[in-house]
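Step one of this worksheet: look at the structure below.
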Amino acid sequence: MSAASANSVTNPSAWENSEIHPKHSYSPIVSGDLEVPETEIQLDDSPTGPNDPVRIYRTRGPECDPTVGLKPLRAQWIDSREDTEEYAGRERNLADDGRSAQRRGAASLEWKGVKPTPRRAKQGKRVTQMHYARQGIITKEMEFVALREHMDPEFVRSEIARGRAIIPNNINHPESEPMIIGRKFLTKINANIGNSAVTSSIEEEVSKLRWATRWGADTVMDLSTGDDIHTTREWIIRNSPVPIGTVPIYQALEKVNGVAEDLTWEIFRDTVIEQCEQGVDYMTIHAGVLLAYIPLTTKRITGIVSRGGSIMAGWCLAHHKESFLYEHFDELCEIFAQYDVAFSLGDGLRPGSVADANDAAQFAELKTIGELARRAWEYDVQVMIEGPGHVPLNMVQENNELEQKWAHDAPFYTLGPLVTDIAPGYDHITSAIGAAHIAMGGTAMLCYVTPKEHLGLPNRDDVKTGVITYKLAAHAADVAKGHPGARAWDDAMSKARFEFRWHDQFALSLDPDTAIAYHDETLPAEPAKTAHFCSMCGPKFCSMRISQDIRDMFADKIADLGIPQVGGDAEAGMAAKSEEFVAQGSQLYSEVRDNAAHA
């Protein structure tokens, strides 16, 4: 790594410690010894009186020096349960960082901060949130999540105990702020980051992590396949306030020089333990790719498009046997139960084109991973199920219905899905259409897609675009599902828009910077921020200004009709009309006399 790159990690940019808008502030929910993060958005007064602040979910975590990392929020909670122990852990070696590190003799930028001593469950103990929930215990993590979601703690415990929700919190990632994934809760989004053999660096990936969580990523997956895989992950985990996921087969493949058939259970198992000890919160495991399912993909247009799925399919064919992931699944469960690592059961046979959607291969694998979910639950290991992919809009909901049936209501986690294949460069949009639809139907978490999908490795700008697009899709689904409080944000924006409170509109935006920039392209002067029009219609044709003028000019006539004015006492107006209705005999219809006929 260059000196300039290292320096940028040591000296974070100003944006990292600033709010996304001056009207935003950190305003936690405080309950006992818990402090649960939220963002408060201050609003200007309306002509009719003050507006309450709007409070929204916050993922960015506290400020920190990235070379030091975050404070271990959950360390005391974990320690107080007295069911874990510290131990030496596996011995680190250069193969963990890949072939380039072995050639150099070192990783390019070693982690200099404190590295926690690995912990695991004591002999005979299980330390998963599902285990505690099944014992009737409401943990600090569950209390934290309940406050964050504005839900009852007992409801949170019940959903986890039933396998319908997960709190992915490895005991070796005490820096993480507990969050929950389940269809009864706010729809979550995941952002993928990670280097490749072609591009990126540790500095860039740490910056992407902090950037993604700044804009609202609920979890982040490190999908690094290039240099310094272990060290990059260490930097990411120690700086992450959100759960970190991985696909461990990628690192295992690097350890055998990229030759899939040389993979062994022993190498994979060692890689999994390495990542458990570092603090990875959930892992994608493609254990549902069975030998018998591979021929089902031969008539597809796009074959097997999952990297993990294709790796395991290649291994199965080379050895002509079931994958070691499937054969050793129970041992994986035992390992995960020691650290509270959640399964993200991978859809290695997901469709890579709308033509291949909902085919025999996809659904055969879904049935199998549904069976694996039940096996994981026997070990009290938390599970979510991965889904497609590329699916036409009319076929999306079938995926929700079959996942809930075959995977027994385990949380569903989907990549989009993309609903058309014709828009390279715009696949964040093609996928967000499907994402909103599938989330409305019950999917719990959405994996973002960036504009670079199918084209290249996303940079920081692409990460922001992907996160904002998917926050939009997730929120739209929450509004459609009637999630408590979801629409309050929309209503605050609508009121600010009608009253031409431009600064409030910017503050309430998912992306204030872009909203301000677009407004100021044509009306940059500060007085335009109080004008009752924008450049779309101008002052003469603004429909909202005209609507306000109508209300002002004909207020008395509107009052005669019994229609409360904006800002008026609507309840009092309705009560008065109710009294009038009763006084007239509570008749829906009354006779209208023709005065001319009786003259």
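Using N, Cα and C of the backbone, Cβ positions are placed for all residues, glycine too.
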Requested in this report: Name the one residue among Y250, Y339, Y426 that Swiss-Prot lists for the same substrate site as N192, M221, H286, S306, R307, G308, D347, G348, L349, R350, E386, Y413.
Outcome: Y250
Report task. Pick the one among the binding-site residues R350, H454 whose Cβ has the fewest other Cβ atoms within 10 Å in this structure. Result -> H454
Report summary line: Expressed in Å to no decimal places, the gap between the Cα atoms of H390 (Zn(2+) binding site) and R350 (substrate binding site) is 8
**Report entry** For the binding-site residues G308, G348, the one whose C-beta sees the most other C-beta atoms within 10 angstroms
**Finding:** G348
Requested in this report: Sort out the sequence-distant neighbours of Y250 (substrate binding site) for me: same chain, 6+ apart, CB within less than 8 Å of its CB, listed by position.
Outcome: L223, S224, T225, I229, R307, G308
Report summary line: Students should find that the Cβ of S306 (substrate binding site) has, within 10 Å, a number of other Cβ atoms equal to 23
Report task. Give the distance between the Cα atoms of Y413 (substrate binding site) and H454 (Zn(2+) binding site), rounded to the nearest whole Å. Result -> 20
Query raised in the report: Tell me, how many other CB atoms lie within 10 A of the CB of Y413 (substrate binding site), whichever protein chain they belong to?
Result: 27
